[in-house]
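Participant: Pulled these features from Swiss-Prot for this protein:
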- Arg104, Gly255, Asn421, Arg423: phosphoenolpyruvate binding site (BINDING)
- Lys262, His282, Cys306, Asp329: Mn(2+) binding site (BINDING)
- Ala305, Cys306, Gly307, Lys308, Thr309, Asn310, Pro355, Arg454, Trp534, Phe543, Phe548, Asn551: GDP binding site (BINDING)
- Lys88: N6-acetyllysine (MOD_RES)
- Ser115: phosphoserine (MOD_RES)
- Thr196: phosphothreonine (MOD_RES)
- Ser304: phosphoserine (MOD_RES)
- Lys457: N6-succinyllysine (MOD_RES)
- 1-32: transit peptide (TRANSIT)
Amino acid sequence: MAAMYLPGLRLSRHGLRPWCWSPCRSIQTLHVLSGDMSQLPAGVRDFVARSAHLCQPEGIHICDGTEAENTAILALLEEQGLIRKLPKYKNCWLARTDPKDVARVESKTVIVTPSQRDTVPLLAGGARGQLGNWMSPDEFQRAVDERFPGCMQGRIMYVLPFSMGPVGSPLSRIGVQLTDSAYVVASMRIMTRLGTPVLQALGDGDFIKCLHSVGQPLTGHGDPVGQWPCNPEKTLIGHVPDQREIVSFGSGYGGNSLLGKKCFALRIASRLARDEGWLAEHMLILGITNPAGKKRYVAAAFPSACGKTNLAMMRPALPGWKVECVGDDIAWMRFDSEGQLRAINPENGFFGVAPGTSAATNPNAMATIQSNTLFTNVAETSDGGVYWEGIDQPLPPGVTITSWLGKPWKPGDKEPCAHPNSRFCVPARQCPIMDPAWEAPEGVPIDAIIFGGRRPKGVPLVYEAFNWRHGVFVGSAMRSESTAAAEHKGKTIMHDPFAMRPFFGYNFGRYLEHWLSMEGQKGARLPRIFHVNWFRRDEAGRFLWPGFGENARVLDWICRRLEGEDSAQETPIGLVPKEGALDLSGLSAVDTSQLFSIPKDFWEQEVRDIRGYLTEQVNQDLPKEVLAELEALEGRVQKM
């Protein structure tokens, strides 16, 4: 009898125990409601059959990705009371989740490897790890055995073949997700290229196996109408990079259930990238064209809810400049045969944070979400529209608001009307400024990489790294105010290296080594690295920089630096614009002395904090080159 660990896999060389020892049901005994099992590639067919044996769904639906199928899925969700039509817009819908299922759950998200050190660095004595959670194969096996047998009883298992990146691109990868959530089906159809063409492209090739269940088997008459299915007490999101697998249980929320997103496109892909010599990063990609017609592409890494989407869809305040969007969240990058770093956006949609999005902050996002959008946990207006904090739209007379909790709400109420991590899920093609090359199979050429975060004090508006190695250190030292996208509470300054802290698929020390190794790639033309901070405040707590469309002024300076312009001056932390080098024409008074000040006492403390963090969290796995950069920074700050 063949043993298996996860569905479709044999017992591995590491001795991992199987999920079940029972033989799989034959294809003939599976109740297939839509699609043809016999037409699936053998590997996919085996994965589906074994998973069905484990989870025991009522039936199987193989998704073809068609418009007719999508219409039927949305109708089913509406019938179940899980989504409501928003008649103010064309084909827009609102979902409200269980209040316990509203964000990524980092504490229940694990990487499974035989050796703990493959996943996380060895910590300095007694420290609590912040760079990922490891679970042993045996413990993971027990967790799976506890959760998955029979977990889909009474539900449909949907088979979702999907491509991360344009179908057929050499930079793309294929996954197959099995889920018992129709909400996931509707969302994945937006966020990925999904359906029959993906299976045709896959053939007998390799794919990432993704298994998801809301963790609520139906043994009676189904869910009560409108009850969001989830199992928060048993939630677990597991990644098995050696086997290229993802397993998720108990949550229907996007980051936990749309397995192509953070789970595949960052955690698993970062491990693929290390093994294959490329980069999978939490970065937006944008094209920027100056008034003379010169176009450049940049990638930028900010922690969640720090303005990636706003920057990726920016409407430049500088006359004659144009920004076009390739992607707002994830970049897969590889050097081509000419040594040029090229990037694709592996996603097909935007899964954006709604609160704070308005015609003033992101007019292109507002234009994008007027149709074919699935909103989650935003407020609803009585005239069939949506509402959230910062939407900046006056309500017509007599129009009332229902909060994300389904309760009456009015401006001035203590609780927010929309959850801080409420989302819009919308096809990328609807964005009015999508770059013409956003689906180019070869990717777009990246000339600069930008790191950034929310730093209310001490960190200047923009600075350039001295070189690649220094830039890698700058990425490793990133810190930012915490965001709503995870379950952390309150505003604390958190270390978030490369904006990847929750998304590393392997040991962060080895991730740093991988970034450093790019310097040794034959013929590689390394992008310049910059750091930005739109969020510095004055003593009264007011922002020193207007941000949003005015951020084009910083991109202008970056582009001029890429052209070789001598417009930077050296400081202990990097190269900042010379006085007058930043185009501030037409702006009301900006206090550049505060905006670019580098207080010695702040940076002495910053160095101590960075050293403490890297020593504690990365410890013996910290590359000597990164430690040398830290010591060099410390020496420069001491001489200020």
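Numbering starts at 1 and runs along the chain as displayed.
Backbone N, Cα and C define each Cβ position, glycine as well.
Fair warning: this is a prediction, and the values are worked out from it, not measured in the lab.
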Participant: Sort the recorded positions Ser115, Thr196, His282, Ser304, Lys457 by C-alpha distance from Arg104 (phosphoenolpyruvate binding site) and give me just the closest.
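Facilitator: Spatially nearest to Arg104 (phosphoenolpyruvate binding site) by Cα position is Ser304.
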Participant: Could you give the maximum C-alpha to C-alpha distance in Å for the residues Arg104, Gly255, Asn421, Arg423 that bind phosphoenolpyruvate per the record?
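Facilitator: So the maximum pairwise Cα distance among the phosphoenolpyruvate binders is 13 Å.
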Participant: If you count, for each of the binding-site residues Gly255, Gly307, Pro355, the other Cβ atoms lying within 10 Å of its Cβ, which residue has the minimum?
Facilitator: Pro355
Participant: For His282 (Mn(2+) binding site), find which of the recorded positions Ser115, Gly255, Ser304, Thr309 come within 10 Å, Cα to Cα.
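Facilitator: Matched recorded positions: Ser304, sequence order.
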Participant: Looking only at Ser115, Thr196, which of these modified residues has the biggest number of Cβ atoms within 10 Å around its Cβ?
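Facilitator: For the modified residues Ser115, Thr196, the Cβ with the most other Cβ atoms within 10 Å is Thr196.
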Participant: About how far apart, in whole Å, are the alpha carbons (Cα) of Ser115 (phosphoserine) and Lys262 (Mn(2+) binding site)?
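Facilitator: Between the Cα atoms of Ser115 (phosphoserine) and Lys262 (Mn(2+) binding site), the distance comes to 23 Å.
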Participant: Nearest by CA distance to the residue listed as 'N6-succinyllysine': which of the binding-site residues is it, out of Gly307, Asp329, Pro355, Asn421?
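Facilitator: Closest recorded candidate to the residue listed as 'N6-succinyllysine' by Cα: Gly307.
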Participant: Could you check what DSSP calls Thr196 (phosphothreonine) once collapsed to helix, strand or coil?
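Facilitator: Its secondary structure by DSSP: helix.
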Participant: From the Cα of Ser304 (phosphoserine) across to the Cα of Pro355 (GDP binding site), what is the distance in angstrom?
Facilitator: 13
Participant: Please determine which of the binding-site residues listed here (Trp534, Phe548) has the lowest count of neighbouring CB atoms within 10 Å.
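Facilitator: With the binding-site residues Trp534, Phe548, fewest surrounding Cβ atoms within 10 Å: Phe548.
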Participant: What is the Cβ neighbour count of Arg104 (phosphoenolpyruvate binding site) at a 10 Å cut-off, with all protein chains included?
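Facilitator: The answer is 23.
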Participant: By CA-CA distance, flag whichever of Cys306, Asn421, Arg423 among the binding-site residues is nearest to Lys88 (N6-acetyllysine).
Facilitator: Arg423
Participant: Quiz question: given the recorded positions Ser304, Thr309, Asn421, which has the greatest number of C-beta atoms lying within 10 angstroms of its own C-beta?
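Facilitator: Buried the deepest by this measure is Thr309.
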Participant: When DSSP is mapped onto helix/strand/coil, what comes out for Gly255 (phosphoenolpyruvate binding site)?
Facilitator: helix
Participant: Do you see any of the recorded positions Lys262, Ser304, Cys306, Thr309, Trp534 whose C-alpha is within 10 Å of Gly255 (phosphoenolpyruvate binding site), and which ones?
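Facilitator: Checking each Cα against Gly255 (phosphoenolpyruvate binding site), the hits are Lys262.
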Participant: Nearest of the binding-site residues to Asp329 (Mn(2+) binding site) by CA-CA distance, picking from Gly307, Trp534, Phe548?
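Facilitator: Of the binding-site residues Gly307, Trp534, Phe548, Gly307 has its Cα closest to that of Asp329 (Mn(2+) binding site).
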Participant: Please work out the number of neighbouring Cβ atoms within 10 Å of the Cβ of Lys262 (Mn(2+) binding site), leaving out its own Cβ.
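Facilitator: Excluding its own Cβ, the number within 10 Å is 26.
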